[in-house]
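Some features that TrEMBL has for this protein:
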DOMAIN    1-114  domain 'C2'
REGION    146-208  region 'Disordered'
COMPBIAS  152-165  compositional bias 'Low complexity'
COMPBIAS  188-199  compositional bias 'Polar residues'
DOMAIN    256-370  domain 'C2'
DOMAIN    412-541  domain 'C2'
DOMAIN    582-710  domain 'C2'
TRANSMEM  839-872  transmembrane segment
TRANSMEM  954-982  transmembrane segment
REPEAT    1187-1220  repeat 'TPR'
TRANSMEM  1499-1522  transmembrane segment
TRANSMEM  1543-1562  transmembrane segment
TRANSMEM  1582-1600  transmembrane segment
TRANSMEM  1607-1629  transmembrane segment
TRANSMEM  1649-1672  transmembrane segment
TRANSMEM  1693-1711  transmembrane segment
TRANSMEM  1791-1811  transmembrane segment
TRANSMEM  1823-1841  transmembrane segment
TRANSMEM  1861-1894  transmembrane segment
Amino acid sequence: MNSNTTTGKEKLVVEVVAAHNLMPKDGEGSSSPFVEVEFENQRLRTQVKYKDLNPVWNEKLVFDIQNVADIPYRSIEVNIFNERRSSNSRNFLGRVRVPSSNFSKEGEETAQLYTLDKRSLFSHIKGEISLKVYVSTRKEFKQMAGFGNGGEVSRSGSSTASGFSKKNKKLQQQSPVMHVQQHPGHDANSNRPTQQGQSHAMPVEPNTGEIKPVVMTTASGPVVTRAGTAGVGGLYSNGSTEFSLKETRPDLGGGSLHRDKTSSTYDLVEQMQYLYVRVVKAKDISLFGGGEIVAKVKLGNYSGITKRVSSNNAEWDQVFAFSKDCIQSSMAEIFVNESNKDDFLGRVWFDLNEVPSRVPPDSQLAPQWYRMEDKKGDKAKGGEVMVSIWFGTQADEAFGEAWHSKAANVHLDGLCSLKSKVYLSPKLWYLRVSVIDAQDIIPGEKGATMMRFPELFAKVQVGNQVLRTRMAAPSATRSLSNPFWEEDLLFVVAEPFEDYVMISVEDRVGPGRDEVVGRVVLPVGAIERRTDDKPVVSRWFNLDNHFGNSAEAKVMTRFGSRIHLRVSLDGGYHVLDEATMYSSDVKPTAKQLWKPQIGVLEMGILGATGLMPVKIKEGKGGAVDAYCVAKYGQKWIRTRTVVDSLSPKWNEQYTWEVYDPCTVITVGVFDNCRLDKNMINNTGARDHRIGKVRIRLSTLESDRVYTHSYPLLMLHPTGVKKMGELHLAVRFSCASIGNMLHMYTMPMLPKMHYMHPLSVNQLESLRYQAMNVVTSRLNRAEPPLGREVVEYMLDHDSHMWSMRRSKANFFRLMNVISGIVAIGRGFESIRNWHKPIYSALSVAFFLILVAMPELIIPTVLLLMSFVGLWRYRSRPRHPPHMDTRLSQAESVYPDELDEEFDSFPTSRSADIVRMRYDRLRSVAGRIQTVVGDMASQGERFQALISWRDTRATFLFVIFCLFAAVGFYAVPLKVVLALWGLYVLRPPRFRSKLPSSALSFFRRLPTKADNLVVAAVSRRTAGFFSANSGELLALRDGLLLAAESGLGGILELRALCKVAGVVKYQAISRKRNGLTHTIASLTRSSVEDRLCFNIETNSNNSDMALWMEKGSEPTTESEIADLEAIAALKESAAIELKEKVLSAGAFNWILQEKGNEYVRQGKKHYSDAIDCYTRAINQNVLSDSETSILYANRSHVNLLLGNYRRALMDAEEAIKLCPTNVKAHYRAAKSSLLLNLLDEAKLSCDAGLEGDPDNKELKKLAREIDSRKQEQQEQGAQVSKALAEAKHLSSAIENRGLKIGKPTFQELTGLRKPVLDKNNILHWPVLLLYAEVMSSDFIEDFLLHVILYPLIFPYLSNMFSEDSPPLPWDKENNYTREAIELYYEVGSGICLSKTKLLRYLLEGTAGAAVESIGDEEKDVDGSISDYSAGKGSSKWVRVNEKRKLHDILKEPKFIIPGIPGHTVCFSAPHHLRLGTLKMLLQDHSAIVFVDTSYAIDNTYLLFSAYLVFVMQLGFTMLCAGSVRAKNTMNIMLTNVLDAATGGLFYYLFGFAFAFGNPSNGFIGKHFFGLEAFPSPSFDYGYFLYQWAFAIAAAGITSGSIAERTQFVAYLIYSSFLTGFVYPIVSHWFWSADGWASPSRADTLLFGSGVIDFAGSGVVHMVGGIAGFWGAFIEGPRIGRFDHNDRPVSMRGHSSTLVVLGTFLLWFGWYGFNPGSFLNIMKSYGQSGSYYGQWSAIGRTAITTTLAGCSAALTTLFGKRLLSGHWNVNDVCNGLLGGFAAITGGCSVVDPWAAIICGFVAAWVLIGFNKLAEKLKYDDPLEAAQLHGGCGAWGIIFTGLFAKEAYVKETYPGRPGRAYGLIMGGGGMLLAAHVVQIVVVTGWVSLTMGTLFWLLNKLKLLRISADEEMAGMDLTSHGGLAYDYYDEYQDPTQKGGLMMTNVDRSGV
């Protein structure tokens, strides 16, 4: 730390004051906000302010400052969240980033208001937050350099402003390139001449000094502070928003209003305006004696200087570019100066308002000659200069070569590294050298051949790449001089080929001594190239044996050594120079093998924001000179360097050709270190890495522009840091979508990688070589791309070991496996029947798959396709980016980071390496255990037949023999079905013990007991099991660190090294804020085992030691060990005592335990309370400390809502420490919440006495006072209202009036009589118009005034001929003469005084008062309820001569709240009131009973007729679906269904179904329609229900058609309609049924079964009954062939099928809509347009849509399955949709009906397929259609029933469940599942038994002969169709004849 800062420990204090106008997020118009502040990886939060959009906190959050010098580069991030108490989650409310420039000193802080920012583009954020941020120190905090308003770097204390200026001046003299020039007082406009285009004024002379050529300078001025951006991204944030991708909306292409011709080319960047000045040359320069001259371009404070040229040849041709935001003057000046002199020789200036603009592709502006003026303003001697000047953008051709104004201070040698460039990687080839063998090799050491065997090998070198073959092995067929290798060596070479291949044969003559015995050199360019897998021809090459010795080279040898090689350049491979997973190019090297490109990748590099400073510049503080590098394929691009900017803007656009979509483009951001003159000559200078971004092209949509801000993340030794954000615009354009999709089916790499694959080691080695080649080439470019840049872009060190990456990959693997684990858990949940519905459905689905295994693969594929389509809507909308959580970068430990950044080989100390090695061994040990367990399971499988355990193998062999016989005898499907049912059996039938098979398997032996086990190591440090503690191992012994909280127990078991001499050494180590005193033990003697436990006892701050039984010390060494442990015990006990007695340690314990739990959220509050409770129970703390614990526990109880406990804890805290202000506050807060205002006031006043300035207590005191005032005002209002009510009640009682329960309150509201100050009663009078169901009011009617002079003029005025008709009286029937007034007497119950007072208090402040003081009077009986008596109600016409007072005092007139009169017609052509029976329904609408009955019964009868028409439809459908020979039989059975059903339903069926009152199982009344009609039922209702009953019987007849005896029809039809069906309808439709939704008492699952028109009651009953009949009878003869394959037996007439279908369709409009039973019912207010008639219409629509949807689905579904369009199948599908929608037709939306029909069609198709598999024969598919689709309809209703429709159809039960998918929960669905089960069980039990008995009695099925002949002939005396030919004998019996026709003569 420098001298300007104190050495004390500084703290950063963030005071959160308040927030304003926050966004409501809790769905109730409010929020519960809290603030979370993060600074330097520290995160703190405030309390939650519940239900407050303008919260006030006034909380101080204190953060540690690690290094004060880093404060200028730091910032804090403030986030506001809304706490969601229901789900323990939070909503984002806004964020603020406060830079260091806003930090203040202690004592100078002020509250600053910040506007909340959005987290993303689509965030809905509003509001502001007020903060105070300042630095606090223990001593006086001295002024820091660069802190506060400045942005400079800290300087020494002696540095002054003048000194700094001198330093800068000296720097200018030493380095003129960075010359800073200032023009004080210079005003360009003041020097503007009168002549346009030039200026004659003398400019201010610049400072003298040496000026180097081609330098752009800027004037010096005050340093611009960057506090707003300093430190951005420098926090160690764990928030996901900090590191997330953000979508941006830049103004690409210049915007829609400013687009030019370049917008099509530069449409991915923002346009940047520049002023370009091209200085070409000069002439006629008057310079005495010649010399060198320079040109200088000046624009305000910016100036650029050209290179020096001779005055005789003054030609520069240089361009200067001034950014538009740097233009500080209205004119540009060009000077021509003599070199090294400040006086100019000539000058010319240009008005910027006259400068033209150029837009490419226009040609460049031609330069022109301009006459210059000298310093005297004379143009005659100034000479001329050729100049062009224009405005343009970055699209201008001159942009790339221009010198920019922002590079003003860059040294001349560094200017070249500023420009943007495009690089191309060299074209890389694999060079394959196959060394086969050699001949006539002469060993290296002469004369030593006979002494040793030569060790010959070949070495191949290409550049700096060297590879060797193995040693040649001796061979019996080859001599020692003819070695054989046959080995391939691969190298990487680059075009152009400048290298040579040197192959040498060497002999290893000794250790480390290799002697070359021959070599050959080949140029790479001469080597043959190949593009396929055909090998090149091998060649022999002569070896040079005399290299380096010219004399020996001339000596001729008899034999020459040679080597056999096969050398080729392989162009069929792709040379990998980057990591495979991030590859940007996969093309082969040979261009002729390239596939055509599939698209173009365009990228606009817009800029960066919030870059973190990476270097220090003198006078400027932290800075960055940033540039970008992007790499895709062979093309590298480098943007220009933006100098000294933390938010650089590049706006450069580049394009790449794309050959494969599954590639990655990499963009990196770097800091240019080559701009400083001191770094330019430093060969070790390296550009700093700022961060990089990868974008995979396959994640981009075609032709979409992605504009995002990518966080630049870097992993540093201190953690992950955000270095800034990079803004990119990316577009991937695809030329042909077909070609791109075809690429997904092609191999990733070229063909050669698969024909001749390379090993992993080869690929890694070659990749490293390729990277070196690319690095060396790009490093030689100008400007060079440094090695550090290339290595970073190519992921040079991606293969290095990292614990963090290992954990990340492990969790990636676990994430992949988690899907399988989730499936396993789901299966286990199904097995355990946690959800019985799902388990039952799973069993059914399993059985279906077992029966039809061909559906398994289609089902899986269909499921995957559905899942894929479902997830399409949640697909990622943005490109993926680096995930810190996935990378394990947020939770990485410092030691793991240090290991990751360690060099290779390591540079760490031996202790650290040993610790890491031990950690790696522990990880490997766990992996080793897992591998061993896997091996053990495999060995157990081997042991089954290995006879290692003879008894086990014997059992297994015997089991296999019996199982083989069993599997052979039992079909596989049955085995699978039984196995599945066994596995999925409910838990009650399952034992918790493992199965016998699993137990048998676990008992099998393994080879684990054969492994050699190492002896216990002498250096084992030990292991432990503890809930708090740490074990550290040192090299020479056991180190035990006793770290424990209050009351904690540390249990240690260790294997100790026992030494001859016990020595203990005390070590003090500071760790996590605590000092641990540690003892070290060492002994060297025999090994022994010592087991011990250490328990901390906080009561006496001691540690007790005891031994396990049998481990007491016996030998001297053990006693010595015990003494050593006792020393450890004593040391730890002293330390623990110090910790307990230390307030600082206690505060740390409290913060790390209780407070940490509080910060973790609501789900950890109970842990916090437990921690505080245990700390309190220790009884070792002082009263003040214990008081704090009680106060904290009170705070947590407040958060949990335990206000009573919070008050008790706060009172305990106050008892222990009366000065505990927080305890007083929490006592007051809890008392306030308990509405104990006096106690709250006392606690608040006591707290303010101790801390008068406490803002929270003051605020709470104001709130308490406000509440008390409100309570007093409310009490006064209640007293007033009660007094007025009692006064009014007394007045009513004194007048002898009787008030009853208000019966028209829906119309009158809260209107009541009013007593004025004159004791006069004012009555509102209600007029009811019964015929039109409307009403009117007379708001105020005086009691003592005659009624008729007031009310009749009112009526006369209302109903006069002059007045317009009323809205409900269009025909003007209501006239004054035609109306009469009536009132009702003898009805109602008079209210007691208490109830009357309650009624009068309704709607007033006294409505909620608990006691009104008159209850005792009611008990005494002074005023009792009075009833007018039953049956005495009558209507009395109003007598005009009577007063209202007299009417109200009638003995039997009980006023229904307020007087009500009925206005009726008295005209003769209208009904008289005396003939009307009036019924008040819902206390608001008057319904005329007889009219309603007439309409409703007519509607019901019409519906019954429609349903009966369905019987005709069934008859036609059945007749057309059977063969012609059984037509008469099936039609007769349908007739008998109606006839028999009518009789038996009349006698028994209706009574069993609706005989109320009854029990829940069966009805008891109305046998033979006794006591009919009744108030509940009329004859029409019986007729309607009989039509339903015979419909169920008709369904059954279709299933058993063509093979059933006629008598069986009579028996089953009678039984079904008379008993079976009525019982089911009673269960679900009767008001007493146990599952009825209209049941008066408890409903099944709180909802009852909603089977509105009978999907279950009718269709399932008929379908299941038909199933058992057909199943017991068996299939028709010929339905299945001898191979059990189905044979189609279609019906004889599709015409009848279609006719029957339409008749059924027509009848269904009575079946479903008619089930409402009545139509005269309104759902809204009186006269509403919406009523039951609307529901009936909706029901008809849902019925229609379900049938239509099912018909179309069946049409196309059967077309796909069978290949043709079949009308019969479509008709059945239509009916299946009707059957499914029947149950829920009244309670679902029309759109849901379409879904119902769609699924019903597939249910029908599936059940038909299942029926064929089971050899089940149903001629009409009735069981499948009505049973299967009916069951689906029941499930469908439980899923899609709408709440509003359920309430309308089944009123009177609030909270009734509705559809699961519609949000109503699963109760209704559960009830419907019960319905399916009980209906199936009941019908199976009854009808199944009946059909079984009939079959046993031979009364069910006809004989085979009768079936073959047809039942029409055998049972009914003839065929249904008779044909008579005119030539046929009329005596012969007619019939249908089929004969062969001879067509040979035709």
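Even glycines carry a Cβ here, placed using N, Cα and C.
At the 8 Å Cβ cutoff, the transmembrane segment (1861-1894) and the transmembrane segment (1693-1711) share fewer than 3 close pairs (sequence separation 6 or more) and do not count as touching.
Mean pLDDT across the domain 'C2' (256-370) comes to 81 in this model.
Contact check: the transmembrane segment (1499-1522) against the transmembrane segment (1791-1811) gives fewer than three Cβ pairs closer than 8 Å, residues 6 or more apart, which falls short of the contact criterion. Remote same-chain residues near the transmembrane segment (1649-1672) are listed as 1588, 1591-1600, 1604, 1612, 1616, 1620-1621, 1624-1625, 1627-1629, 1635-1637, 1711-1712, 1715, 1779-1787, 1816-1818, 1822-1831, 1833-1834, 1837, 1841, 1846, 1849-1850, 1868, 1871-1872, 1874-1876, 1879-1880, 1883-1884, 1887-1888, 1891-1892, 1895, 1900 (criterion: CB distance under 8 Å, separation of at least six residues from the stretch ends). The transmembrane segment (1607-1629) makes no contact with the transmembrane segment (1693-1711), as judged by fewer than three Cβ pairs under 8 Å among residues 6 or more apart in sequence. Ranked by the number of CB pairs under 8 Å to the transmembrane segment (839-872), the listed stretches 1543-1562, 1582-1600, 1693-1711, 1791-1811 are led by 1791-1811. The repeat 'TPR' (1187-1220): residue composition by secondary structure is 28 helix, 0 strand, 6 coil, according to DSSP. Applying DSSP to the domain 'C2' (582-710) sorts its residues as follows: 11 helix, 63 strand, 55 coil. As a summary of secondary structure, the domain 'C2' (412-541) carries 10 helix, 65 strand, 55 coil according to DSSP.
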